[in-house]
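A quick write-up on the structure given underneath.
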Amino acid sequence: MAEAQIKKNIFTISSSPHVRCDESVSKIMWSVCLALTPAAVFGVFNFGIHALEVIITGIIAAVVTEYFVEKVRNKPITITDGSAFLTGLLLSMCLPPDIPPYMVAIGSFIAIAIAKHSMGGLGQNIFNPAHIGRAALMVSWPVAMTTWSKLSASGVDAVTTATPLGILKLQGYSKLLETFGGQGALYKAMFLGTRNGSIGETSTILLVLGGLYLIYKKYINWQIPVVMIGTVGILTWAFGGTTGIFTGDPVFHMMAGGLVIGAFFMATDMVTIPMTIKGQIIFALGAGALTSLIRLKGGYPEGVCYSILLMNAVTPLIDKFTQPVKFGTRR
């Protein structure tokens, strides 16, 4: 413990500019967990005890994996800094409520051991760990990852039904409106969260409030969620309709699927996004465009996870072309 504390307090000599603040990795991670808590609690209310089991399993598996990997690597144990807890929480919030616990545990293991520590650990991973875990589960168990149940709050449980994006993809916009009883009722369900979907992605209002808290604390920049969500809105409005250009429903698409949780809590991951504001805007534009492309033209109803991972892959390239020019030199 003493050795870990000494390493934590070692100063690194480097050129200016220097960041001077009392923020720490631990404080930021636990603040993000706090911002996600209302949406997670609402997900448990919506989907019942199964959702709680998924969340607890995801968190415990992530923390335990972190502990043993750091033990094997002979690294300081950092399970109290909140990073593994956050990865497990984010992953579980992006999963169906009835997914078997062993799949959740495998997803957390992949997120921590492979996506995070195989790259060197916290601060060195190229891809968002939670999304790597989710993508691995989607490839390995596609049926379990696309099987949904009605909300427990509705009084009926364990009845297979589709998500709003699934209805739109398979049956069209008219059937979507018919299912929810009109456009107004659809928007209300999407905004409040009384709809089907992954555990933590249903309530737009709670996720936005959590995101605004992080913006207020200056832990994330507002440009990424605004540009990403706005890009999806514009492109789905222009090309998402069936009767011509600019006949799509942008309001629905901006609240649907995992866009809000992805834009506020995953696309803003400070480790896997570009360093400059210009680069972050390019990142958000690309993620929004890819999400729209997958939703409108792909075989899968949702594209947030894959769009963010693809943009993670080109982040070094974006950084290369958006880094500030040194004084007295040319690009």
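Here, residue 1 is simply the first one shown, and the rest follow in order.
Here the Cβ of each residue, glycine as well, is placed from N, Cα and C on the backbone.
Some features that Swiss-Prot has for this protein:
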type     : residues : note
MOD_RES  : THR163   : FMN phosphoryl threonine
TRANSMEM : 23-43    : transmembrane segment
TRANSMEM : 44-64    : transmembrane segment
TRANSMEM : 84-106   : transmembrane segment
TRANSMEM : 196-216  : transmembrane segment
TRANSMEM : 226-246  : transmembrane segment
TRANSMEM : 251-271  : transmembrane segment
TRANSMEM : 273-293  : transmembrane segment
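With a threshold of 8 Å between CB atoms, the same-chain residues lying at least 6 positions outside the transmembrane segment (273-293) that come near it are 221, 223-232, 235-236, 239-240, 253, 259, 262-263, 267, 303-304, 306-308, 310-312, 314-315, 318-319, 322-324. A contact between the transmembrane segment (196-216) and the transmembrane segment (226-246) is absent, since fewer than 3 of their C-beta pairs, 6 or more residues apart, lie under 8 Å. Here the transmembrane segment (84-106) sits apart from the transmembrane segment (226-246); fewer than 3 CB pairs are under 8 Å, leaving out pairs fewer than 6 apart in sequence. Long-range contacts of the transmembrane segment (251-271) within the same chain: residues 32, 35-36, 39, 90, 93-94, 122-125, 128, 130-131, 163-165, 168, 176, 186-187, 190-191, 197-198, 200-201, 204, 207-208, 210-211, 214, 220-221, 224-225, 228-230, 232-233, 236-237, 240, 283-284, 287, 291-292, 295, 301-302, 304-305, 308, 311, each at least 6 residues beyond the stretch ends and with a Cβ under 8 Å from a Cβ of the stretch. Cβ environment of THR163 (FMN phosphoryl threonine): TRP148, ARG195, ASN196, GLY197, GLY257, PRO301 lie under 8 Å away, each six or more residues apart in the same chain.
According to DSSP, the residue listed as 'FMN phosphoryl threonine' sits in a coil region rather than a helix or strand.
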